[in-house]
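**Student:** Next up is a structure, given as structure tokens.
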Amino acid sequence: NSSEASPSFLLAGLPGLEGAQCWLSIPLCSAYVLAVAGNGAVLLAVRLEPGLHAPMYLFLCMLAAVDLALATATVPRTLSFYWFGSREIGLGACLLQMFLIHALSAVESAVLLAMAVDRYVAICHPLRHAAVLTTGTTAKVGLLALARGVVFFLPLPLLLLPLPFCGPRALSHSFCLHQDVMNLACANTTPSVVYGLTAILLVMGLDALLICLSYLLILRAVLRLAAWRERLKVFSTCIAHICVVLAFYVPLIGLSVVHRFGKDLAPLVHVIMGNVYILVPAVLNPIIYGVRTKQIQRRIL
């Protein structure tokens, strides 16, 4: 009765590779350490370099903080399973982790949209850039992004909390995701399905469309320039942001496709795609901006 009142779930390991799980967790741990060191270095570099106290780099700080929080909400728990065999996770801890993953992903999506708008204003309306994107405006955008993530994704765990769960309760990832947990419920999950899909479309889907619109406007402005060298110089200021957007949305789309159409795929594919979704942006973002920004390079060195 106690088990039914407070159900628990079983995290997915590395199917077929259980004997080598401890050794195969070393790349995961290394990626996490690299993500923490890289994003921490970016935060410190922007903090110490007065020339980087501009909206674009303040947004980069927000991105680094979100990546740190997202990786820390998932990877240490996964490593404790791989190293110490603690596979079981309680309902409360699972729902909290699920909420953090989805809410922080929504915050990251909003920050990427804000960075795209920053590039649009800087290229298409350069004289108005300093007046439109002030430090105060940047802070308000960050708070709004955080509030939107909490408001849209807090109902997800609340909708799942009262549902009964049955069967083996084995997850297909090494952390808790909404669709994964929802599929284990022994009750009608239609409200949860509808709300989850609506939230994803209104948040990540809308952000992606607006980012594409921003770059279409930027591209139109760049093509109006006469010289090819000038076009390349202007558009090169967007390269780092485009790479960061791809590093976030490509794993997100890949994970969604695996969930929707990958029922016949090997379980290992689900585990790997989940870890890629969490760690690839966190590892790549500081590398991309570190390579593209000389002031960050100097401060890190």
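A Cβ is built for glycine as well, from the same backbone N, Cα and C atoms used for every other residue.
These came from TrEMBL, pasted as-is:
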type	residues	note
TRANSMEM	23-45	transmembrane segment
DOMAIN	38-289	domain 'G-protein coupled receptors family 1 profile'
TRANSMEM	57-75	transmembrane segment
TRANSMEM	95-117	transmembrane segment
TRANSMEM	129-154	transmembrane segment
TRANSMEM	193-218	transmembrane segment
TRANSMEM	239-262	transmembrane segment
TRANSMEM	268-291	transmembrane segment
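Mind mapping these onto the model and telling me what they sit next to?
**Tutor:** Mean model confidence for the domain 'G-protein coupled receptors family 1 profile' (38-289) is a pLDDT of 90.
For the transmembrane segment (95-117), same-chain residues at least 6 beyond its ends with a Cβ under 8 Å from one of its own Cβ atoms are 56, 59-60, 62-63, 66-67, 69-70, 73-74, 77, 89, 138, 141-142, 144-146, 148-150, 152-154, 156-157, 160-161, 175-178, 181, 199, 203-204, 207-208, 210-211, 214-215, 241, 244-245, 248, 252, 278, 281.
Here the transmembrane segment (129-154) has Cβ contacts under 8 Å with residues 53, 55, 58-59, 62, 99, 102-107, 110-111, 114, 118, 121-122, 199, 202-203 of the same chain, all six or more residues outside its ends.
Using a Cβ-Cβ cut-off under 8 Å and counting only residues 6 or more beyond its ends in the same chain, the transmembrane segment (193-218) has close neighbours at 102, 105-106, 109-110, 112-113, 116-117, 119-120, 123-124, 148-149, 152-153, 155-156, 159, 178-179, 182, 235, 238, 242, 245, 249, 252.
Residues 63, 105, 108-109, 112, 115-116, 119, 177, 179-180, 204, 208, 211, 215, 269-270, 273-274, 276-277, 280-281, 284-285, 288-289, 291-293 of the same chain sit 6 or more residues outside the transmembrane segment (239-262) yet have a Cβ under 8 Å from a Cβ within it.
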**Student:** Apart from its near flanks, which chain residues at least 6 from the ends of the transmembrane segment (57-75) lie with a Cβ under 8 angstroms of it?
**Tutor:** 28-29, 32, 35-36, 39-40, 42-43, 46-47, 97, 100-101, 104-105, 107-108, 111-112, 114-115, 118, 135, 138-139, 141-142, 145, 174-175, 244, 278-279, 281-282, 285-286, 289, 293
